[in-house]
Structure formats: structure tokens, C-alpha cells
């Protein structure tokens with residue numbers, strides 16, 4: 001058991017609501033969008049997911065950190081969130097494989113964590129008022145509240161930043177299984193808008209060689225790589241900001257190359273086809289979201305992490321809706337008519353979450369197989 005010295009900490013929302021707790025991570029202050037996640041497990045995967053970049057994540061489940069941290073379960077190279085808000089954490093690690101506590105993990109990554117917060121009250125407030133920005137401090141609670149509100153206001157004026165450029169790879173990276181023969185893999189180019197490691201692992205397990213490219217990579221270069229398929233990854237932020245990505249996708253749609261979009265990639269694909277995007281009141285963040293597959297009429301339980309949704313009323317005639325949320329009827333999946341192109345709003349790789357949507361990766365590979373066969 002680790003001995004963690006608890007200092008007083010504070011969360012202030014932009015409407016002035018204050019929550020007092022104890023510091024369990026790094027010392028400092030930060031400002032970010034406060035969202036809540038309803039997952040019971042998978043806290044490590046959540047806070048290392050680049051889709052949460054620049055956000056403050058509040059966990060609704062009361063006990064976080066019970067099994068500690070296993071570094072191999074990270075979804076990126078580091079913690080991506082601005083801060084973590086929770087009710088209670090545990091520094092007694094119950095998994096024999098894990099040697100690092102949740103609190104120590106936050107501290108080593110210089111991330112603020114606050115425990116002792118009434119996360120149910122916080123969640124109800126966000127559900128009622130909508131997502132708010134907040135200020136967190138682990139440097140004590142004796143601060144000037146007027147000054148903090150002013151800082152939040154200044155931050156809000158700059159909130160539409162290009163977050164993708166801050167999380168994308170800076171160079172091309174190749175991922176593949178060792179000892180795989182050249183003619184026995186599918187050549188997939190993945191746009192890194194903030195990709196999770198689990199997406200790469202799932203595609204590799206299906207026989208893919210992944211060429212991960214920066215988010216700003218020109219479509220002409222991607223086509224020159226002679227891909228069998230193109231993946232548009234998950235990532236953070238408002239999709240309408242990423243004009244460069246939308247233009248590249250529009251060019252790629254002029255080819256016959258199969259395209260699969262996930263989360264942010266799903267939204268970008270829709271925008272590239274003329275659709276509009278809506279900012280959700282408090283988003284979908286959790287691993288228990290029921291989604292209806294309109295093609296099979298079955299319900300799948302999915303992992304979700306998004307604050308924007310496609311406006312169904314703006315879809316062009318070449319788009320078919322394939323999935324909808326059973327919580328609020330928001331659009332969850334689309335495919336294009338007469339093109340090997342489709343996308344899904346949730347996370348088929350889960351991590352954390354159920355595996356109900358893994359079949360979408362196989363659907364993508366089936367399109368890739370057909371394309372590869374016909375282009376020879």
C-alpha cells in the first residue's frame with residue numbers, strides 16, 4: 001500500500017458551482033471541458049484515450065483504481081485528460097500483475113486528480129445544464145473566485161483549438177505482425193486523428209499491415225501508398241474545425257478504396273458528404289450504450305465517447321443510416337450507396353467495454369478483400 005499525502009483540492013464550474021475534495025495526483029491548476037463517464041471499469045484505457053484530450057473526466061462509478069495500473073493496457077503513450085474527478089480511489093492494488101496505483105500513475109504523468117467529490121451531484125448538474133468548462137486546483141482552496149471565473153472566460157474564447165494536431169503522430173509509422181509474408185497482409189492506411197492502440201491491434205489481428213500517417217497527410221500521398229483500405233480514426237474536438245481532413249476525405253471518396261470511419265472519423269466522413277454536425281448537451285461517454293443495428297434489427301451494447309453528433313436531417317441521398325442510439329435516437333452508423341464506405345460513431349474496439357461491435361472490423365476486411373481481388 002502506498003502512502004499518499006492528501007492536500008485540499010477544488011473544482012469550479014463556469015456557472016460558479018464549487019466542489020471541494022482531496023488531491024490524489026499532481027499539484028497544480030488546469031482548465032478544461034468537464035464531462036462524465038459512466039463506465040464501471042477501464043479507467044486506465046479511458047484516461048489514456050486521445051479522444052479525451054483537453055477534457056476533465058468525472059467518473060460516476062464511486063470506486064476508481066481498485067486493480068491499479070498495467071502499462072500495457074494504455075491506449076496511447078501517456079495520459080490524455082487534463083484532470084480526473086472521482087468519489088473515491090484505492091491504493092491497495094488487487095491485481096497481481098499490476099504494480100502501480102492509480103494515484104501514482106496520475107502523479108508520474110503530472111495529472112491533477114481530485115477525490116471526495118460528490119460525482120452524482122456533479123453528473124446531475126451536467127445532465128441538467130449541459131457540459132460546462134471547469135477549473136481544477138490541487139494547490140489548496142484559498143483562491144480568488146472572481147479571478148478564476150475570468151480565467152475560464154478567457155479559456156472559452158480559445159476553446160475551438162485544433163486538438164487533432166496536438167495528438168496526431170508527427171511521422172509515418174508501420175505496424176504489423178512479426179514474420180508476416182509480404183503477400184499475406186492487407187495494406188491499410190490509417191489517418192491518426194488520435195487513434196487508440198486497440199484499433200491498431202484489432203486490425204493487425206485480422207491480418208493487416210497498418211501505415212499510420214499524420215492527420216494532415218495529403219490524399220494524393222495516401223493513394224500513392226496503394227492501400228487496400230483506409231481507416232479514419234477516433235480523436236478529440238469539434239470535427240468542423242478540421243477542414244484539411246474533410247478535403248482529403250472528399251478526394252479519397254473519388255476512388256474505389258474501402259473506407260472505415262470510427263468516432264471522429266465517422267463525423268468527418270459525414271461532413272465530407274455534406275452533412276452538418278450538432279453539439280450534444282452532454283455527450284455520450286461510457287461502455288454500456290445500447291445501439292440498434294437497423295440492418296439486422298438487433299441491439300448491441302457499445303462503448304461511446306463523443307460530444308458531437310451528425311444531424312440526421314442534413315444527410316445526402318447517397319447515405320444510408322445503419323445504426324441509431326437507443327438512448328436518444330442520435331445517429332450511430334452510416335454507409336454510402338454504391339461505395340465500399342461506412343462508419344460507426346461508437347468504438348467497436350471497446351477498450352473498455354463489450355465486444356458486440358467487433359464485427360465491424362470484419363465487415364471492413366471483407367470490403368478490403370473484395371477491393372484487393374478486383375484491382376488485380
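Heads up, the Cβ atoms here are built off N, Cα and C, so glycines get one too.
Swiss-Prot lists 235, 237, 264, 267, 305, 308 as L-glutamine-binding residues, and of the candidates 51, 76, 77 the one it assigns to that same site is 51. Checked against residue 308 (L-glutamine binding site) by C-alpha proximity, the active-site residues 263, 347, 349 yield 263 as the nearest.
Take the binding-site residues 235, 237: by the count of other Cβ atoms within 10 Å of each Cβ, the lowest one is 237.
Remark: residue 264 (L-glutamine binding site) has 51, 164, 193, 194, 232, 233, 234, 235, 236, 237, 239, 306 as non-local neighbours, by Cβ distance under 8 Å and separation of at least 6 in sequence. Secondary structure at residue 237 (L-glutamine binding site), taken from DSSP and collapsed to helix, strand or coil, is coil. For the recorded site, residue 305 (L-glutamine binding site), the DSSP three-state label reads strand.
Other Cβ atoms within 10 Å of the Cβ of residue 263 (active site, nucleophile) number 31 in total over all chains.
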